[in-house]
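Noted in TrEMBL for the protein shown:
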type   : residues : note
DOMAIN : 1-87     : domain '2Fe-2S ferredoxin-type'
DOMAIN : 88-184   : domain 'FAD-binding FR-type'
Amino acid sequence: MTAIVFAGQSYALADGESVLDALLRAGHAIPHGCRAGVCQACLLQSDEAPPANTQRGLSSAQKSLNYFLSCQCQPPASLSAQAVDQAGQRVSGVVREKSWLNQRVLRLRIEAPLDFKAGQYVTLWQSAQLARSYSLAGSPNPQNLLELHIRHYPDGAFSAWAAEQLKVGDALDIQGPLGQCVYSAPANQALLLIGMGTGLAPLCGIVQDALAQGHSAPIQLIAAARNGADLYYLDELSALAAQHPQLGITWLAQHANQATPPAVAIGDVYTHVKTHFASLKGYQVYLCGAASFVAKMRKQCFLSGAGMADILVDSFVPFATTKT
């Protein structure tokens, strides 16, 4: 049986148990969030090289220091580890604006000295133990404002706190940015961007970035949701499309209700893409939303001719113990 040595004590790992779960079971307050290797809140440092799969997504500097994601670590042999000074990897931000984009999506604008690319994501820390990752909805700007779209869950550990207790003027620790779902296409390559729900957030920034860099080929953005009332940013993005003839926007809802705007088409997003984009050869494709949506749409786009290297994704990973 393998073990993890931490803070001078050795703890046996049960079959299939991660280092994070073993340490939490032993009573150690290890910061953690997604348990999927995305938010990087659970970083630890090993005395020896950790398994390669536990360092996916880490920087070269972090890898060289033997940092690893404890939520992903089920070591084949016993491992010795220590805590990482997470504070040194964060910056402090101040909430400058808090508003609702619809009944379920909260918009935060946070001022923070952070260099990022449109389409990346950051991890917000509510406390030393509670963190959540959210995609950035805008592009870099002189005001150093980060825009985040947070889906509100009434029982969510973070989103309920943000909706009910977080105030304009409050400070938040921010870690990141992370992610490779960023604009990288030649100006003459056609783009297809598909976002489900708050998957629209990173796509807004990617579209802005592409236009700012003079992208001349067609840019097709599909903003989809289960219900028409869940869509947002209709006026803002429609105004942007009116200024840029190469930008086309489709608003798509699976189900209609009384709150569905007239501009929204009703239909299944997978069927819509298959019908209107039968061949994606030569396209660069961006997919953002829940992991199940991204996985299914990624396969569909690949089978329609898009090269796997030309499909960039931002998967929203569900948190293991609570909604966000």
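The first residue you see is number 1, and the count goes up from there.
Every residue, even glycine, has its Cβ placed from backbone N, Cα and C.
Unlike curated records, TrEMBL annotations are generated automatically.
According to DSSP, the domain '2Fe-2S ferredoxin-type' (1-87) comprises 21 helix, 21 strand, 45 coil. According to DSSP, the domain 'FAD-binding FR-type' (88-184) comprises 8 helix, 45 strand, 44 coil.
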